[in-house]
Amino acid sequence: MSLLTEVETPTRNGWECRCSDSSDPLVIAASIIGILHLILWILDRLFFKCIYRRLKYGLKRGPSTEGVPESMREEYRQEQQNAVDVDDGHFVNIELE
(Lines of atoms letter the chains of each structure in order from A and count residues from 1; the text may use other names and numbers.)
(Lines give C-alpha, C1' and ligand atoms only; values in the text may rest on other atoms or scores of the structure.)
Protein backbone atom coordinates (compact mmCIF):
# COMPACT_ATOMS: atom_id res chain seq x y z
CA MET A 1 0.00 0.00 0.00
CA SER A 2 1.43 3.36 -0.95
CA LEU A 3 1.56 6.41 1.27
CA LEU A 4 -0.73 8.27 -1.14
CA THR A 5 -3.62 5.84 -0.64
CA GLU A 6 -3.31 6.19 3.14
CA VAL A 7 -3.63 9.98 3.04
CA GLU A 8 -6.00 10.73 0.17
CA THR A 9 -8.66 8.71 -1.56
CA PRO A 10 -9.50 9.12 -5.24
CA THR A 11 -13.19 9.70 -5.89
CA ARG A 12 -15.20 10.40 -8.99
CA ASN A 13 -15.15 14.14 -8.27
CA GLY A 14 -11.37 14.31 -7.72
CA TRP A 15 -9.19 14.04 -4.66
CA GLU A 16 -11.01 14.13 -1.36
CA CYS A 17 -9.36 15.25 1.88
CA ARG A 18 -10.10 13.21 4.99
CA CYS A 19 -9.93 16.33 7.21
CA SER A 20 -13.35 16.96 8.69
CA ASP A 21 -12.66 20.48 9.99
CA SER A 22 -10.75 22.14 7.15
CA SER A 23 -12.55 25.43 7.93
CA ASP A 24 -10.92 25.58 11.39
CA PRO A 25 -9.06 28.94 11.75
CA LEU A 26 -5.96 27.15 13.06
CA VAL A 27 -5.82 24.95 9.94
CA ILE A 28 -6.24 28.00 7.68
CA ALA A 29 -3.51 29.92 9.55
CA ALA A 30 -1.14 26.95 9.37
CA SER A 31 -1.77 26.63 5.63
CA ILE A 32 -1.07 30.32 5.02
CA ILE A 33 2.12 30.18 7.11
CA GLY A 34 3.24 27.07 5.24
CA ILE A 35 2.67 28.67 1.84
CA LEU A 36 4.50 31.87 2.88
CA HIS A 37 7.39 29.81 4.23
CA LEU A 38 7.65 27.92 0.94
CA ILE A 39 7.62 31.16 -1.10
CA LEU A 40 10.30 32.76 1.09
CA TRP A 41 12.47 29.62 0.92
CA ILE A 42 12.28 29.56 -2.89
CA LEU A 43 13.16 33.27 -3.12
CA ASP A 44 16.05 32.76 -0.70
CA ARG A 45 17.49 29.93 -2.81
CA LEU A 46 17.09 31.93 -6.03
CA PHE A 47 18.61 35.17 -4.78
CA PHE A 48 20.83 34.12 -1.85
CA LYS A 49 24.01 35.64 -3.31
CA CYS A 50 22.39 39.03 -3.82
CA ILE A 51 20.61 39.00 -0.46
CA TYR A 52 23.59 38.02 1.70
CA ARG A 53 26.04 40.26 -0.18
CA ARG A 54 23.65 43.17 0.41
CA LEU A 55 23.39 42.30 4.13
CA LYS A 56 27.16 41.97 4.46
CA TYR A 57 28.24 45.11 2.62
CA GLY A 58 25.08 47.21 2.65
CA LEU A 59 24.58 49.29 -0.47
CA LYS A 60 28.33 49.50 -1.14
CA ARG A 61 29.91 47.31 -3.81
CA GLY A 62 32.59 45.82 -1.57
CA PRO A 63 34.64 46.27 1.59
CA SER A 64 35.39 49.84 2.60
CA THR A 65 38.65 51.37 1.34
CA GLU A 66 38.29 54.49 3.45
CA GLY A 67 41.64 55.59 4.90
CA VAL A 68 43.64 53.32 2.56
CA PRO A 69 46.26 55.01 0.34
CA GLU A 70 45.46 55.18 -3.38
CA SER A 71 48.43 52.96 -4.31
CA MET A 72 47.14 50.17 -2.07
CA ARG A 73 43.64 50.58 -3.49
CA GLU A 74 44.99 50.16 -7.02
CA GLU A 75 47.01 47.11 -5.97
CA TYR A 76 43.89 45.59 -4.39
CA ARG A 77 41.87 46.24 -7.57
CA GLN A 78 44.57 44.57 -9.66
CA GLU A 79 44.61 41.51 -7.38
CA GLN A 80 40.83 41.23 -7.58
CA GLN A 81 40.88 41.59 -11.36
CA ASN A 82 43.66 39.01 -11.73
CA ALA A 83 41.69 36.57 -9.60
CA VAL A 84 38.72 36.94 -11.97
CA ASP A 85 40.61 36.90 -15.28
CA VAL A 86 41.09 33.52 -16.90
CA ASP A 87 43.92 32.85 -19.30
CA ASP A 88 42.39 30.70 -22.03
CA GLY A 89 45.80 29.87 -23.51
CA HIS A 90 46.94 27.74 -20.57
CA PHE A 91 45.28 24.46 -19.76
CA VAL A 92 46.55 21.58 -17.66
CA ASN A 93 46.34 18.20 -19.34
CA ILE A 94 46.20 15.24 -16.98
CA GLU A 95 46.74 11.83 -18.50
CA LEU A 96 45.63 8.76 -16.62
CA GLU A 97 47.70 5.60 -17.00
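From the backbone N, Cα and C atoms, a Cβ is placed for every residue, glycine too.
The feature topological domain 'Virion surface' is assigned by Swiss-Prot to 1-22, with sequence analysis given as support.
As annotated by Swiss-Prot, transmembrane segment applies to 23-43, with the evidence given as sequence analysis. Residues of the same chain that lie 6 or more positions beyond the ends of the transmembrane segment (23-43) place no CB under 8 Å from a CB of it.
Sequence annotations record features per position, and here Swiss-Prot assigns site 'Seems to be involved in pH gating' to Trp41. Under DSSP, Trp41 (site 'Seems to be involved in pH gating') is assigned to a helix (H, G or I) in the three-state scheme.
The topological domain 'Intravirion' annotation in Swiss-Prot covers 44-97, and the record cites sequence analysis as its basis.
Sequence-distant neighbours of Cys50 (S-palmitoyl cysteine) (same chain, six or more apart, CB under 8 Å from its CB) are absent. Among the features that Swiss-Prot reports, S-palmitoyl cysteine is placed at Cys50, with the record citing sequence analysis.
Positions annotated as phosphoserine by Swiss-Prot, on the basis of sequence analysis: Ser64.
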For Trp41 (site 'Seems to be involved in pH gating'): intrachain residues, at least 6 apart, with Cβ closer than 8 Å: none
